[in-house]
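In what follows, a single structure is set out as structure tokens and then discussed.
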Amino acid sequence: MLNLRRPAPPTDPAADRERFRRALLWPFVGVMALVLIHALQELLGADFSRLGILPRDGVGALGIFTSPLIHGSWGHLMANAPTLWVLGILTLYGFPQATRTAVPLIWIMGGLGVWLFAREGLHIGASGLTHGLMFFAVVIGIRRRDALSIALTIIVLFLYGSMFWGVFPTTPGVSFEAHLFGGTVGAVCGWFLYRRDAFPAVQRYAWEEDPDDPTDAETLRKIEQGRLDEIEPPRPRDEHGPDDPPDRRD
């Protein structure tokens with residue numbers, strides 16, 4: 001018997017192009033919103049930092065929703081914007097459904113962690129979101145383990161692996177708490193949301209499927225996707241089901 005590689009089911013090129021277009025568009029829109037907000041702050045000569053998170057202060061809790069939009073300088077914004085755009089593209093392309101769920105969770109729950117436990121002072125900037133997306137991309141790629149997810153994880157680690165050090169208090173004036181809580185929420189999202197998006201089609205060898213077992217291909221898909229709890233154990237050979245013919249022995 002030859003171990004012939006069976007072709008994977010065909011993909012839809014139009015759907016792939018649309019998915020990539022959206023992955024490019026929405027992170028760009030988000031980054032441009034940050035640029036416009038900071039430009040408005042400069043134009044008005046205003047100080048929007050009061051919209052940051054002020055830990056354990058009732059009014060400062062508003063910053064949970066607004067702090068990622070506010071930056072102290074153009075340098076601060078440019079330190080976050082390119083990273084946010086690239087990570088947004090990679091995660092939205094690789095895991096669109098999971099990313100749409102993870103981003104608001106990282107934003108709100110990460111900010112809540114800062115408000116509850118961070119040091120006194122105003123905490124502003126989108127770095128908690130960037131760290132959350134980085135940890136999310138790494139963990140979800142490890143959990144899924146398909147070719148695209150592994151490739152994206154390697155790219156993220158190559159480009160932004162040094163961000164792991166951002167969760168430690170190494171740089172004065174930097175909110176490591178935002179990095180820590182954003183990264184923690186991102187990792188938790190990656191761990192639990194890895195099944196949110198469909199797994200890509202997998203090519204198979206002929207010997208991987210049993211022609212006498214019509215459920216064999218579905219069982220293999222469940223194994224690849226980690227859905228082991230859904231697999232019914234095989235019945236012992238000498239055990240009869242209700243619809244089986246009686247055993248005849250000569």
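Placed from the backbone N, Cα and C atoms, the Cβ positions cover glycine too.
Caution: TrEMBL annotation is automatic and unverified by curators.
Not measured: the values here are computed from a predicted model.
Features as listed in TrEMBL:
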- 218-250: compositional bias 'Basic and acidic residues' (COMPBIAS)
- 63-195: domain 'Peptidase S54 rhomboid' (DOMAIN)
- 209-250: region 'Disordered' (REGION)
- 23-41: transmembrane segment (TRANSMEM)
- 77-95: transmembrane segment (TRANSMEM)
- 102-118: transmembrane segment (TRANSMEM)
- 124-142: transmembrane segment (TRANSMEM)
- 149-168: transmembrane segment (TRANSMEM)
- 174-194: transmembrane segment (TRANSMEM)
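Same-chain residues lying 6+ beyond the ends of the transmembrane segment (77-95) with a Cβ under 8 Å from its Cβ atoms: 19-20, 22-24, 26-28, 30-31, 34-35, 38, 71, 102, 125-127, 129-130, 133-134, 136-137, 140-141, 144, 148-149, 152, 155-156, 159-160, 193-194, 196-197. Within the domain 'Peptidase S54 rhomboid' (63-195), the DSSP-based counts of helix, strand and coil residues read 106 helix, 1 strand, 26 coil.
Beyond its flanks by at least six residues, the transmembrane segment (23-41) meets 47-48, 69-71, 74, 77, 80-81, 84-90, 92-93, 96, 126 of its own chain at Cβ-Cβ distances under 8 Å.
In the predicted structure, the domain 'Peptidase S54 rhomboid' (63-195) carries a mean pLDDT of 97.
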